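Remarks on the structure that follows.
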Amino acid sequence: MDLFDSNAAERANLPRNMIENSMFEEEPDVVDLAKDSSAFSAFPTLDPDEVAYEPRSSRLLVRGLGENDMDDDEEDCESSARLLGMSFMNRSSSHRSNSSPYIRQSPPRTCSRPSARTMVVCVLVLVIVASLTMVLYFLPGCIFTRDGCPKANKTAPLEPVYPNSTNGELFPWAELRLPRSIRPLSYELTLTPNLDNMTFTGIAVIEMSVSHNTKRIVLHAANLNITKATFKLGDGGAQDVTVLEYKPRQQIAVKFSEELKTGQHCVLTFDYSANLSHTYDGFYNSSYTDKDGNKRVLAATQFEPLSARKAFPCFDEPSFKATFLIRINRKPTYMTLSNMPQAKTTPLRNGLVQDEFEKTNVNMSTYLVAFVVANFTSVSSTASGTKVSVYAVPEKKEQTDFALAAASKLLQFYNEFFEIKYPLKKLDLVAIPDFLAGAMENWGLVTFRETTLLLDNSSSSLEKQVVASVIAHELAHQWFGNLVTMSWWNDLWLNEGFATYMEYMSLQEIMPDLDTGNLFLSMRFRAMDKDALNSSHPVSAEVNTPEQVEEMFDSVSYEKGASILLMLNASLPKEQEFKKGIIQYLKTFSGLNTETNDLWNSLTQVSSQSQNISEMMSTWASQKGFPLVTMSRKGDKVILSQEPFLLTSDSTTKGSRLWNIPITYVNDSCSLASECRQMFTLKSKTENLKVPESVQWLKLNYKNTGFYIVDYGNDGWNALTDALSNNSTILTPEDRASLIHNIFALSRMGRVPFEQVLSLLNAMSNETGTAPVKEALLQLNRINRLLDKRQESGLVARMKTYILNHFGSLMKNQSWEEEQSLSKQELRSSLVFTACILNEESCIDKAKSLFKQYKDSNFTMKIPGDLQQAVFTVAAQSEDDWKTLLTLYTTTSNDAEKRKILKGLASTQDPRRIVWILKASLNGAIIQTQELPLIINTVCNGFIGHLFAWDFIQINWDRLIEKFPVGSFAIQTIIKSTTSQFSTQAHFDQVQAFFSNLKQRGSQMRSVQEALETIRLNKRWMESNLQALGKWL
């Protein structure tokens, strides 16, 4: 971000004296003024951090800083202006008529008084002459030169307005981003947590280098009580210094009377204390209940994105990398973990033990630092020379084997794939009992929720898929994010998009039995659903506030980022080009920070066809949304055109946005094998493609590897519908699912009638593929819930009949026994769950019977993992079985099963229980607060629950944002869950009024704009289709 980049509007809002104190002259240069202000003692020295460097052709002179001399040209122009005024008056005098009464004559004997008219004319002439003279006199001399006057320099640096620190003194910095004048080199941290009173003390020693002259050091600290601070310059002695704090930006500063000089080294030391956080970020306390019913406490960290500052003073931005040496003082009954292996343990006089960890052998961003104080046990192995360990509470040690095997396999795979060895000596994976995120990629100490790391021996393949995916994602971060890190949070996708892409790619290579292809496909569909909103954002987006940083953690950064990488890989002519490009990227920028263009440039350099990947991919990274490709055909000519796919029309950008689209396609002569795929690049608004006239139909976007939607037009859709009705397997399952997703999206947009949607579904009535069936059920269930929330009971009944008629035979054919195939488990889970929530009689009976057997076996009988959700949801509708489930939730140690039980409990339609479970999850005693977003999402699926949930978040908003940061993924999920099924003007008005009144407590969140847009879209679709739905169904 350029400091003090002032546009016209900003200048208009400046104090009057600041606007008036600027004139443009030839000398001196702005930069010279900033570097040497000694000549101008009336003004403070500008730190280079505050200078916006301008072209040398743009010069600024601040009035009062120098002499008021004019150069020769300006003096000439000034004199010319004055002479021009005088000559004008002389010429006026010489041209007077002799008959004028004002011509001097011989004095007559008597004077006649002039007429009134004559006096008026005379006065007017004198006024005009005087005015012209003054205008000419005061005009700048440059007006009369050939080049004219210089234009106003709107990017000139203006002296910042500094805020007041907590002690009333001016705080010496006025920006969110820290100045670049100081760089940290190393941290030595000594922490003493007290898990009895939930506090900690710390000593932070920060060694720094001076990048350019400055009189201040600015860094981050939040909620820390700094009791002492000392400063040492070079080999000099340490001196006490005063620490200023500006809480709104969580910044602290030390000011100096003399400048620190470029190249000098210095050390700041802070003694401080703080409370362990009661939320899920910073250095926070957690707890769990052991097998004997005793409460156990622990402390863990979660620093990404902006919370390292809550544990120690630091330069808490990704680009400020440094080394870390960490010491933790603990009671002998605890153990500690950090990023590096433990170097030594020393008993202390106060009965504590100090664990010192090795100094990091890599430079790290602060958000990757981690430490844990707990009572865990572990299992270990060695992979590629690195010690790999999995830690958990003692009761769950037996559930760590799968994670250890998966992590070891993945570490070895990534070492070979990236051709860069994992740089640390050890890799720990730790299951934290109370953890908000799914996992966190701290270098060498990866932390997880228990549900995303632990599995028992009876876990299903679907449950293993979840755990393996999360581990693969976090281990990919050890290269993408840790070794090479984005420079700022605007490019978060370089971390998360890559890790998401590698998560699926790696598992397809080393664990193909986990069949992650369908999961990746569904994820791309959901990313498109979000990105189709006008309230979406580019993959690489501007980030200027802490709330905007939090909001970057969404499906655009993760899933869209992964999707455009998949598309790029699929479009490159040689199979290994993408791999070579990312290896070059990692090797070139190892240990450094990057921006999006650095990745594109690395890929361009290895492109065999000298393809300008940067030119192509910038269209996908720098603008929000994605294209709608429309296809029409005339004989052998296929006309392809593109426009933004926008569910909400946006006339300001619709015509100007274009993408460089790698179109892939197959036709009726060859449509299944990858060799059938052909490619065409669509760069402009409309282009033509030639195909043989014998081709009956075309299917664009082979296997949905491209991030775009296709409208085939009436003829194209009819041709595909006819082909599928004759043979539903003429396309790959991915392509069939893609057609279903696309036509529902086009219906939501208003491009195709819902009748066309049903026509395609009817043509696929014999569909048995997992991906297309799951996508069709998801889309139909979404519409059914919207109808239910509008109390359209007649249409709800018809939709239920349609779904059961269309998929009924497939539902009835599902077995309720153990199923080995993961793909079949996915299909069965979706079909059975849909049948049960639609109250299909045989499904309800089987679920009740299975739960009774489960109870009668004292919960030792195994319910197949993919059927558990349906069984627990049905059971929760019974008063007695709901109580049984709650007891089971508090006693079971199987975390995957526990999560499904919780969703079952939240699916109740009993108002009293809905209120109880919402309150219980917020309080956190029986149900951990980390599960609140999941509970709200589940509650909202029910007719009664969605209204209770909306009231609940309005009443408890302030408590929610105490638990979860404004803009965080948890808050995004809560907002979306409670509002996405509204479709009336009344609900729109309620949502708008509530969030607009929040002001700084959340009104500006992007997720609020998404919620309002979604309600408008739901309302529009319902109003357009309600009358016709009855007829079509």
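Numbers here mean position along the shown chain, with the first residue as 1.
Heads up, the Cβ atoms here are built off N, Cα and C, so glycines get one too.
According to TrEMBL, the compositional bias 'Low complexity' annotation covers 91-100. The region 'Disordered' annotation in TrEMBL covers 91-110. Residues or ranges marked as compositional bias 'Polar residues' by TrEMBL: 101-110. Feature annotation from TrEMBL assigns transmembrane segment to 119-139. If you look up TrEMBL, you'll see 184-368 marked as domain 'Aminopeptidase N-like N-terminal'. The domain 'Peptidase M1 membrane alanine aminopeptidase' feature in TrEMBL is assigned to 402-620. Taken from TrEMBL, the feature Zn(2+) binding site applies to His473, His477, Glu496. Annotation comment: TrEMBL describes Glu474 as active site, proton acceptor. Residues or ranges marked as site 'Transition state stabilizer' in TrEMBL: Tyr558. Residues annotated as domain 'ERAP1-like C-terminal' in TrEMBL: 697-1016.
Around Glu474 (active site, proton acceptor), the same-chain residues six or more apart in sequence whose CB sits under 8 Å from its CB are Leu429, Ala439, Met440, Glu441, Val446, Phe448, Ala499, listed in sequence order. Tyr558 (site 'Transition state stabilizer') and Glu496 (Zn(2+) binding site) are 5 Å apart (CA-CA, integer value). In the structure as shown, the Cβ atom of Glu496 (Zn(2+) binding site) sits within 10 Å of 25 other Cβ atoms. When other Cβ atoms within 10 Å of the Cβ of His477 (Zn(2+) binding site) are tallied across all protein chains shown, the result is 24. Taking the centroid of the Cβ atoms of His473, His477, Glu496 as the Zn(2+) site, the other same-chain residues with Cβ within 8 Å of it are Glu441, Glu474, Ala476, Phe480, Gly481, Asn495, Phe498, Ala499, Thr500, Met502, Glu503, Tyr558. Rounded to a whole number, the distance between the Cα atoms of His477 (Zn(2+) binding site) and Tyr558 (site 'Transition state stabilizer') is 12 Å.
Around His473 (Zn(2+) binding site), the same-chain residues at least 6 positions away in sequence with a Cβ under 8 Å from its Cβ are Ala439, Ala499, Thr500, Met502, Glu503. Around the Cβ of Tyr558 (site 'Transition state stabilizer'), a 10 Å sphere holds 24 further Cβ atoms from the protein chains shown.
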